[in-house]
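K.L.:
Take a look at the following structure, please.
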């Protein structure tokens, strides 16, 4: 019984790190269209929905790029360059 519980916990933790829209078309179809994006749009963390791209000075990056992506012509400059998953700030290339 304990082995089954552990197995289910492992499966659930793997599932929680995945993007559900990869296999669920209705989630992709339910994406909201972003409005008033100053720098255009980019895809969200899962690559499913369009979101507003970050502009110069905004926070970006983080684990799996959870903080968002910078607009074209900007780069996410990490505050802590030693930490791969650290957040950054969008700056001109």
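Note that the numbers count up from 1, one per residue, in the order the chain is shown.
Note: Cβ is positioned from N, Cα and C throughout, glycine not excepted.
Take a look at what Swiss-Prot says about it:
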DISULFID  19-46  disulfide bond
DISULFID  21-48  disulfide bond
DISULFID  31-49  disulfide bond
DISULFID  37-52  disulfide bond
DISULFID  60-76  disulfide bond
DISULFID  70-90  disulfide bond
DOMAIN    17-93  domain 'IGFBP N-terminal'
SIGNAL    1-16  signal peptide
K.L.:
Please compute the mean pLDDT of the model over the domain 'IGFBP N-terminal' (17-93).
P.N.:
88
K.L.:
Within 10 Å of residue 19 (disulfide bond), Cα to Cα, which of the disulfide-bonded residues 31, 37, 48, 52, 60, 90 are there?
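P.N.:
Neighbours among disulfide-bonded residues, in sequence order: 48.
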K.L.:
Among all chains shown, work out which of the disulfide-bonded residues 31, 37, 48, 70 has the most CB atoms within 10 A of its CB.
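P.N.:
When each Cβ's neighbours within 10 Å are tallied, 70 leads.
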K.L.:
Only counting partners 6 or more residues apart, tell me which same-chain residues put their Cβ under 8 Å from the Cβ of residue 52 (disulfide bond).
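P.N.:
Counting only residues 6 or more apart in sequence, the Cβ neighbours of residue 52 (disulfide bond) under 8 Å are 34, 36, 37, 38, 39, 40, 41, 42.
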K.L.:
Based on Cα coordinates, which of the following disulfide-bonded residues are within 10 Å of residue 48 (disulfide bond): 31, 60, 76, 90?
P.N.:
31
K.L.:
For the C-alpha pair, I'd like the distance in angstrom between residue 60 (disulfide bond) and residue 70 (disulfide bond), rounded off.
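P.N.:
The Cα atom of residue 60 (disulfide bond) is 7 Å away from the Cα atom of residue 70 (disulfide bond).
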K.L.:
What does DSSP call residue 49 (disulfide bond) in the simple three-state scheme?
P.N.:
coil
K.L.:
Among the disulfide-bonded residues listed here, 21, 90, which has the most company in the form of other Cβ atoms within 10 Å of its Cβ?
P.N.:
90
